[in-house]
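One structure below.
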Amino acid sequence: MATWKETVEEAKKQLWLAGPMVFVCVFQYSLQMISLMFVGHLDEVLLAGASLAASFVNVTGFSVLIGMSSALDTFCGQSYGAKQYDMVGIHMQRGIVVTMVATIPMSIIWAYLRPILVVLHQDKRIAAHAELYARYLIPSLSANALLRCFVKFLQTQIIVLPMVLASGFTTLTHVLLSWLFILKLRLGIKGAAIAFCISNWLNTVLLALYIRLSSSCKTTWTGFSRKSLHDIPQFLRLAFPSTLMACLETWTFELMVLLSGALTNPTLQTSVLSICFQTAGLFWMIPFGVGAAASTRISNELGAGCPKSAFLAVKVTLLVSFIIGALEFTLLILTRNFWGRIFSNVPEVVTYVESMTPILASCVFEDSIQTAFSGIARGCGWQKLGAFVNLGSYYVVGVPFSIILAFVLHMKGVANKAAIRVKGHLNELFLASVSLSTSIVNAFGFNVMMGLSSALDTFCGQAYGAKQYQMVGVHTQGAMVVLILVSIPVSIMWVFLEPILILLHQNKEVAALAQLYARYLIPSLSANALLRCITKFLQTQNIVFPMVLATGLTSLLHILLCWLFIQKLDYGIKGSAIAICISNWFNTIILALYIRFSPSCKQTWTGFSKQSLHNIPKFLRLALPSAVMVCLESWTFEIIVILSGALPNAKLQTSVLSICLNTSGIFWMIPFGVSAAGSTRISNELGADRPKAAYLAVKVTMFLTFLVGLVEFSVLMSLWKVWGRAFTNVHEVLTYLISMMPIVASSTIVDSIQTGFQGVARGCGWQKIGALINLGCNYLLGVPFSVVSAFVFHMKGQGLFLGIVLALTAQVVCFLLVTLRANWEKEAKRAIARVGGNGVQVEEH
């Protein structure tokens, strides 16, 4: 099994290649999309024609060239790994000959595109525009054939910077050319095609000059050779399945666009489906860059006779592609309300694109993973196997399913109700109710669980560092018992939430719905109790990939469940709660099964033990201050929401404050992940009696959380005018949110730093000190300041949130002083005494 260091080194090699390749892929793909953007702002029929043509030329031209050139991933990559450098250039020349010959029949098809589209039941007007666009694109075919081979030639030698510069320069030129030919000279879709052709040839010529003149290619490019013509049949034996593997997938997407032309209102359907697939293609370029890097690394290692290194490259590729897919999914969901405006100004098109985006986001996530597998297949030479997999998956399952949904069940591009809208899009009352209920169940439920389980950061982390592996499982079991018992009184409080809220001067209508939401959430409490303990159990052993995979799958499932229960079955806020419960249990069960059956946990999980019950008093001595430390801080946020309910226009104030706090919560998750890693590293090092290493981990944790805070501040300030649309469509709420966002953005910097200090405290076992700091900063300083600002100076929501910023700042100062005064040798001794069971009494903080 590969060591952590080897895995990191492999990840560095892949990312060093993948990063530039992502830019190359995005730049090259964006040429077509930029053309469509310019055309889309002229006329809807022109957009439909250009979109249909773009789909068809991809099917019959560009995707075929991509597939054929993909054989070079195997041939050039393995030759370079085997140090047969002259063969890299010969294989490329062979690829050029084959792809150039293939462009001849493609050109003929493009020249007579209109009758083909009419036979395929496309609208005649759209078909005419599509043919015109395709004819003017013909000169780009030979450029693209050369370009694909040049890219593979350079990529397999890990020469990426010239490709980035050439494609970046070409993209900038293409924007200027598109403006010139489409808008300035008013050539319409002819101008779009002409600009595309010129840009493709520019990119090709730049790379050809680099290969010819650069010293980097001296060993691999030795001039044209007749030898390249001798083994063309051998090349074709891999090129044909490579083409099928690439095209069978691409053709499925384009076939959907063609089918959309046979639906009612074909102009709308074709435009929207094409925009969706252009978007999917753009996001696909990022994992495709990773897949390209993977095929290069794998083929190089196999060619060099290093199978273990090749297998390590496979595992790293899949991990990176999973993370990228999750990030792309999140980005599309957040921007779904205005993504369509990039392509078109037609309101009907923009609205339809918005309804399609959640399904598109799920597709992007899965496509990222399968793209990585495609890269692995190209690196290994598995193109024939990949062709069979794609044939069965797309044409035996995917296409028939699409036809049934669209033409039999009349769901068209997507069922009208399949738009996955957040709870706030139901109406303002539901948003206020769910926001208030979420605040309460977090304050007196989930945050309590989080706080109690935080004691495991100390116990499990230090036990693992001291190599007392069995005790990691014992401590986790004891925590599970405590958290399950605590969930009983919490459930009772949730059942009778309405009278509590009314007592706190909340609106009666809002309170009634909040209680309904909380009652349906009760089954998730026990799941959350188990999940918190399981997460800490794995985290302290540095086992993170199963958690990433489980939460990623759970998030996708949750999106579908929200659509089912909220939109399809029309359960409203009850449906939202049911979806959360199912998702929580799903996540918990997946991780529980991993612990039970994975060899990674054999030493730390040896079954249930009675010893876990004996350690409960010891656990509680640290768990209670842990819970107080976490809850005192989180309760401050929830108190602010409750106070907002006492302001004028309670629905508006509660909705806005809850969105602001949820935004803070979303951004808090990133530094919390860093602090969780920090607490693990610190506790491990203290348990292993390495105080200097522990202090180094402290400094690194604080540096990283500071950087994260700066990045989050920048992101929020760049999105401050549109961020609210991710939560609601209510105009009044959106306007209020815009005025709040600068304060929220500022809070993320301070919150990120103090979250880092919280991780340090958990790793060291400073929970009691943390509880006192949080008590003083939040309740002697923050909350009183919020009340005075909001109710005395009439600053309303802004005043309430400024109190939070003040409290966070005070926490940072206090934790900084404690950290600077710490004696790390003594902290290591305390850790050893805490987990050693040797009877040594050490004073706890």
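In case you wondered, yes, glycine gets a Cβ from its N, Cα and C as well.
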### Query
Which stretch, out of 452-475, 572-595, is listed as transmembrane segment by TrEMBL?
572-595
### Query
Do the transmembrane segment (543-566) and the transmembrane segment (234-252) come together with 3 or more C-beta pairs under 8 Å, pairs six or more apart in sequence?
no
## Note on the structure
Under 8 Å Cβ-Cβ from the transmembrane segment (799-820), and at least six residues away from its ends along the same chain, one finds 633, 636-637, 640, 643-644, 657, 660, 698, 740, 743-744, 746-747, 750-751, 753-754, 757-758, 760-761, 766, 769-770, 773-774, 776-778, 781-791, 793
### Same-chain residues at least 6 beyond the ends of the transmembrane segment (193-213) whose Cβ lies under 8 Å from its Cβ atoms
28, 31-32, 35, 133-137, 139-140, 143-144, 146-147, 150-151, 153-154, 162-163, 166-167, 169-171, 173-174, 177-178, 180-182, 187, 221
### Summary
Residues outside the transmembrane segment (478-497) whose C-beta sits under 8 Å from one of its C-beta atoms, at least 6 past its ends, are 437, 440-441, 444-445, 448-449, 452-453, 455-456, 511, 514-515, 518-519, 521-522, 525-526, 529-530, 532-533, 536, 612-613, 615-616, 619-620, 623
